[in-house]
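Student: Below is the structure I would like to discuss, written out as C-alpha cells.
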Amino acid sequence: MAAAMAVKLTSSRTQLPYEYYSLPFCQPSTITYKAENLGEVLRGDRIVNTPFQVLMNSEKKCEVLCGKSNKPMTLSVEESRLVAERISEDYYVHLIADNLPVATRLELYSNRDGDDKKKEKDVQFEHGYRLGFTDVNKIYLHNHLSFILYYHREDLEEDQEHTYRVVRFEVIPQSIRLEDLKADEKSSCTLPEGTNSSPQEIDPTKENQLYFTYSVHWEESDIKWASRWDTYLTMSDVQIHWFSIINSVVVVFFLSGILSMIIIRTLRKDIANYNKEDDIEDTMEESGWKLVHGDVFRPPQYPMILSSLLGSGIQLFCMILIVIFVAMLGMLSPSSRGALMTTACFLFMFMGVFGGFSAGRLYRTLKGHRWKKGAFCTATLYPGVVFGICFILNCFIWGKHSSGAVPFPTMVALLCMWFGISLPLVYLGYYFGFRKQPYDNPVRTNQIPRQIPEQRWYMNRFVGILMAGILPFGAMFIELFFIFSAIWENQFYYLFGFLFLVFIILVVSCSQISIVMVYFQLCAEDYRWWWRNFLVSGGSAFYVLVYAIFYFVNKLDIVEFIPSLLYFGYTALMVLSFWLLTGTIGFYAAYMFVRKIYAAVKID
C-alpha cells in the first residue's frame, strides 16, 4: 500500500462537493485520477492520488508534505481567501486508504455525573475530517493529520508469513502554527510538546505561510477483514427502525380490518340486493355503485398520457423493488462505491420493457389506437422531465465549478443509454402490450354518459389527496428521515432489510386506501375514477413534499441560493417519482377491485 487517495470535499451546508485539488493542498509529482463508475461520477466523487505515503506497519513521527524542508509553503491572498471561505462553510475532507474512508473519532461521555472512572465513552465516527474551524471570528486550518491505521493479522500455518489487513482508518486533525513546528533538512519535523502550541491561523486578507505535515501510527486490532465496515455503518437507531416497522404494521392491520369489514359486508349486502329480482319496484329506487355500471369503464380524457404515466410508474416500481431486494442481500453495500446509483440507472433503462408492455395494454383497453405515439410518450414523458430538471440544476453546479456537476461526456452517455436502450425497449414492450388482448371489462359501456349528481364537499379531489396520503406516509416517514440524512448529510444508508419491509407496507397501504376511495366515489355515483384515483393514490407524495420543506427548515442550515435550489430541485424529482410510484400502485389495485365487483353483479 503506497498512498492514501482523496475522494472529495463535502459540506452539508452548501451541498456542493469539490474535488480535492480545488484547494491548494500539496500535490504529488504526477496527478492521476482513478477511473470511476457511473454512480461515483453522479455523486461527485473524483478519486485522485495524494502525497501521503502510508507504508504497511511503518510508523512516521512527523513528516513535512511539501515545500522545501526548511522553507514553509506560502498561500497567496487568493488561495487564503478560498481556504478561509471553505472552512467557514464547514467543509469536510474525504480520504480513502485501501478503499476504507477516513473517519474522525468523536468521544461523547454518556453519563455526565459520578466519578471519572465510571464515565462511559460513547464512540461515534464522523465521515472525513473537518478542514478547519473558526473561533472568535478567526479561521484556523487543520494542517497536521495524525493517521491511525488499525490492522488485523491473519492466522496462518507456521511456516507462512503473516498477512496484514487494514481494518480501520482514523485521523486526528490538528492545527499547529508555523513557529511551533520544527522541520529539518530530511523533511521530518518535531511536534510541539504538550498543549502549549497555538493553532495555524489563516488570514484571508494576506499571504499565509504554513507547513502541511502528517504522522502515521499503526495499531493491531481484533476486527476481522469481513466486518471492517461495521464501524462506519453502526447506527445507534436500530430500535427506532423496529419501532417504525411495528407502528407501520399496526397501521396496516388496522386499515385492513376496517377495509375488510366495511367493504366485504357492504359489498355482500349490495351484491345480494342487486341480484335479488323479486321486487321490481325496489329496483326502481336503486342508488349506489350499481347505477353507474354502464359508465364505469368509459375511457377517460387523455388516455395516452394516463397510460404513459402508469407505464413509467411500473418501470419505477420494478426498478425500486429489484434494487432494494438486491441491496438487502448485501450486494450493493457502501464499500462498493457508486454501485447503488449505477445499478438503479441501468435497471430503470432495462425495466422499460415492462413499463412499455403495461402502458400499451392499458392504452389498448382505453380504446387508444395510435400506439407509436403512445410508446414515444411513455419513453420520453417522465425521463424527459427528470433529465430537464437535472440539466438545469447541472448548469448551476457547473457555474460553481463543483465536482458534483455531471461532466459533458457522462451526460452524452446517459442520453445514449436513454435513446439507445430505454427507448427501443419501451417500444418493444408497448408493441407486444398493444397487440395483446385488452383487459376484459365485465360490463358494457352505454352510448350516452349519465349525469353525475352534485358531489359533497368531502368528495373534492384535494380533500381526497389529503385523506388518502396520510396513512401510507405515516407508515414510512421514519425511514424517510434516515434516507434524507443519507442524501443531505453525507451519512451512509445501509438498512435495506428495513427498507424492503417498509416498501411492502407502503404497497399494501396504498392499495387498500385506493380501494376505499374508489368505492366511496362510485357510491356517490361519480364514475370518472381513472384520473382521480391515480392522483389521489399518490397523495402521500404531497406529505413527502411538506416533510421535505420541514426538514429543510429544521435540520439543514443551508442559506445560499444555489444549494437551496439544488435541494428543492432534487426534492421535486423525488416527490414526482414517489407520486408516480404510489399512484400506479393505487390505480392498479382500484382497477382490479372495480372489475371484481362489477363481475359479481347480475346486470340485465
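The backbone N, Cα and C atoms fix where each Cβ goes, glycine too.
Sharing the feature lines straight out of TrEMBL:
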{"type": "TRANSMEM", "residues": "242-264", "note": "transmembrane segment"}
{"type": "TRANSMEM", "residues": "308-332", "note": "transmembrane segment"}
{"type": "TRANSMEM", "residues": "338-363", "note": "transmembrane segment"}
{"type": "TRANSMEM", "residues": "375-399", "note": "transmembrane segment"}
{"type": "TRANSMEM", "residues": "411-434", "note": "transmembrane segment"}
{"type": "TRANSMEM", "residues": "462-488", "note": "transmembrane segment"}
{"type": "TRANSMEM", "residues": "494-522", "note": "transmembrane segment"}
{"type": "TRANSMEM", "residues": "534-553", "note": "transmembrane segment"}
{"type": "TRANSMEM", "residues": "565-594", "note": "transmembrane segment"}
Student: Using a Cβ distance cut-off of under 8 Å, indicate which of 411-434, 494-522, 565-594 has the most pairs with the transmembrane segment (534-553).
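Tutor: Counting Cβ pairs under 8 Å, the winner is 565-594.
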Student: Three or more CB pairs closer than 8 Å, sequence separation of 6 or more: does that hold for the transmembrane segment (375-399) against the transmembrane segment (494-522)?
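Tutor: Contact criterion not met.
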Student: Determine which residues of the chain contact the transmembrane segment (411-434) at the Cβ level, with the cut-off under 8 Å and only residues 6 or more beyond its ends counted.
Tutor: 38, 311, 345-346, 348-350, 352-364, 371-372, 374-376, 378-380, 383, 387, 391, 394
Student: Who are the chain neighbours of the transmembrane segment (308-332) in space, where the CB to CB distance is under 8 Å and they lie at least 6 residues beyond its ends?
Tutor: 339-340, 343-344, 347-348, 351-352, 354-356, 358-360, 362, 374, 377-378, 381-383, 426, 430, 496-497, 499-500, 503, 534, 577, 580-581, 583-585, 587-588
Student: State, in range form, which of 242-264, 338-363, 494-522 has the highest count of Cβ pairs under 8 Å to the transmembrane segment (462-488).
Tutor: 494-522
